[in-house]
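K.L.:
Here it is, the structure, as structure tokens.
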Amino acid sequence: MLASFAEDNGQATPSLVYGCKGPVSFFQHRVYNLPVFPFCSDRTCYHRIALKKITVPLYRVYNVPVVVFCSDRTCYHRMALKITVPLYRDYEVTSASRQFCIRSGYRPECSSFCQCVASLFHSTNETANFWTSFLPGLYFTYLLMTSYRTDSSHLLPYYGYLLTVTTCHWVSSCAHAFCNISLRARNILFFLDYSAISLYSFGSAILYISYSFPHRLYSTRYEQMYLPVAAVLSVGSTTFACTSRVLAPVWSQKYLILVSYGLTYVWDHFPILSRVSSEGLSNDPAARLYLGHFLALGFAIFFYGTHIPERLAPGKFDCLGELQSGPLNIDL
């Protein structure tokens with residue numbers, strides 16, 4: 001059965017369904033009893049087919065089984081489905097989905113799984129967030145699989161760090177891809193995203209104490225407290241971020257999340273800051289890399305927190321969204 005779906009100014013238009021014995025006319029987005037003529041007799045069996053309007057075109061071909069009541073045979077037909085995702089403006093969605101200075105490109109707040117997947121290949125305000133998490137996730141997965149060796153125990157902290165980075169990017173990409181399924185799914189997915197970011201921050205702490213810790217801090221009280229405090233801060237920042245997302249006003253959620261993860265970041269990177277400040281740029285070959293890393297991350301946090309450039313030209317950068325993965329990718 002080849003079903004052709006068409007729209008004309010939002011109105012349902014008649015289409016043809018070719019069954020076993022010729023075409024049958026029906027209308028889109030409605031429920032009809034369609035006659036299906038079995039091969040074994042001239043009797044007519046009626047089935048109910050529910051057509052749901054899903055309004056970024058994506059064409060797929062499915063084999064749809066139609067079971068005939070008067071016999072044990074199954075008739076397979078081919079159906080062409082056009083999956084489209086309507087995009088809304090900021091005043092058409094609730095405050096939970098609205099982003100600051102983003103005027104358009106909002107997906108439906110109760111999207112289906114197919115709609116979420118289809119929207120990733122079109123210009124929405126979550127497309128850039130998804131791909132800037134998904135593509136690095138592929139890279140770090142490949143890096144983890146190709147560099148892993150069982151006979152290198154001194155590389156275990158590095159492998160653990162790569163595992164936390166990979167997990168963080170995959171969870172973030174899933175959160176941005178499917179956050180529009182429902183409000184509950186949105187909160188759950190971003191709670192998992194916050195947890196993955198905290199896991200990554202703890203992986204960074206393990207990496208620093210294993211390879212980049214200043215020599216003058218070895219065998220000190222600070223070294224003994226470094227990992228336990230990093231673990232407590234990771235759990236605390238996750239709890240604070242999740243709580244602020246539910247209880248705090250929408251306009252203050254981002255700043256509260258930045259504060260919670262900012263404390264964790266300062267603690268995790270304090271040994272590196274101490275190393276750069278004490279040894280200087282000339283005595284430490286890696287000091288310039290650390291300094292460039294801090295400056296780039298500072299710029300990323302500045303643009304993320306101040307909503308620049310979308311604040312300066314509202315509606316002109318809707319395809320970029322808020323680029324929430326920007327600071328994380330620069331930190332990596």
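Using N, Cα and C of the backbone, Cβ positions are placed for all residues, glycine too.
In TrEMBL, annotation is done automatically, which means it is predicted and not curated.
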K.L.:
Examine the ranges 70-91, 158-179 and name the one recorded by TrEMBL as transmembrane segment.
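P.N.:
It is 158-179 that TrEMBL describes as transmembrane segment.
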K.L.:
So which of 128-146, 191-213, 255-274 has the most C-beta pairs under 8 Å when paired with the transmembrane segment (158-179)?
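P.N.:
Most Cβ pairs under 8 Å with the transmembrane segment (158-179) come from 191-213.
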